[in-house]
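Chemist: Here it is, the structure in full.
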């Protein structure tokens, strides 16, 4: 019996060794396979796309896809197969975009549209995870697309490679410099013989660049679709100054964006981003969330559920009252800055956390941003001779003061969830579908329907986006009777809410 158990013991451990080797081979990234077995076996789940076969700038490489097309600039075209598999996974969680593709088989509502885009280039982007699936959907609807990334850290290199292999003109890679960022945008716009007639923007940088460098292009541009708080603010500023020369669609304030993307997406991704970067324990931690809009609400709800003690700062008395009634303590940042363990900005504004507050933070305080731009945290003020920067891991820096105090800065103040983790694909499907419909609406609108101003998506389209996602839950809508519809003064088929409903 002893010999029998001994043999089983040896057999089990030999099988375990084989399984480990099999798992190692399965989870080795494409770039590691290219580098050979001596390359490190460690793959950081939060930064797969940091891997590459060399440190050469993509701008210095001459790359072509399998069809000989070189109108793109990405990290590594050899990652295309891996990126394609990620896009296929994302498509399964993006039912509305897939539905739009099927319905476009007999019609091309964007035929003739030349869309230049500047969004996050992730699997969702490609299939719409959000830009990838979205780009392929826009093409299926008849559009030509050229694309850059709106964030220097959020690009999934393998997804960009899959898009380039598929013939898309993509100019983006993870870890771009500031100069690279604007160079990529310029390559999208400045192409001889190609003039964009639609803009899809996230943050307003693309729109700003065209206004600054190529203002004459707006003679042929039919409209702008903008999805972020920051970008929308910039459009309203242009409109107020009388400088907005084309119609613009504010997707950020659509009901589908506010109630789903901003809230549910951030509620899940804030925890994911913090865990991947810091392995922090949330229970009992004191957390400051700056801003109680939909993004702030999502962050606060997630952290409260994990046992954190959450403080909120807010300028709007209505949002402030909501925070109080949701059980959060409303404070000024300077009142609690010395005691909090984590600071999260969610405002879309600038200089929310300035050097004065950074100086007063406790040792080990984690600082991150869930808004759009990297201006919410005054990172520039930390780049001074007396402070030492220490890269701990991908997207995680220790900023060290002369007395030894250090703070943990994530993604250099840029978007935490898109720089350091991922976001729920299904929620991004809702936003991407809204963007696609906004493009279709502006592109096909008869002359005179939209003036040179900023508009909200028609409520009928908001409801259509929501209805396309209901079958995923096997959900069944109740229909109004003729009598009920007459009593409410509504059409039986909608819209069911007025345009001012938010």
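Yeah, the Cβs are placed from backbone N, Cα and C, and that goes for glycine too.
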Chemist: Out of 190, 417, 444, which one does TrEMBL list together with 293, 294, 295, 296, 297, 298, 314 for NAD(+)?
Modeler: 417
Chemist: Which of these ranges is annotated region 'Disordered' in TrEMBL: 17-43, 44-70?
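Modeler: Going through 17-43, 44-70 one by one, TrEMBL flags 44-70 as region 'Disordered'.
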Chemist: Whole-number Å only: compute the distance from the Cα of residue 298 (NAD(+) binding site) to the Cα of residue 261 (substrate binding site).
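Modeler: With distance taken Cα to Cα, residue 261 (substrate binding site) is 10 Å from residue 298 (NAD(+) binding site).
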Chemist: Residue 261 (substrate binding site) to residue 293 (NAD(+) binding site): how many Å between their Cα atoms?
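Modeler: With distance taken Cα to Cα, residue 293 (NAD(+) binding site) is 12 Å from residue 261 (substrate binding site).
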Chemist: Work through the binding-site residues one by one (227, 261, 314) and point out the residue whose CB has the fewest other CB atoms within 10 angstroms.
Modeler: 314
Chemist: So if I draw a 10 Å sphere around the Cβ of residue 257 (substrate binding site), how many other Cβ atoms end up inside it?
Modeler: 25
Chemist: Is residue 295 (NAD(+) binding site) helix, strand or coil when read with DSSP?
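Modeler: DSSP call for residue 295 (NAD(+) binding site): helix.
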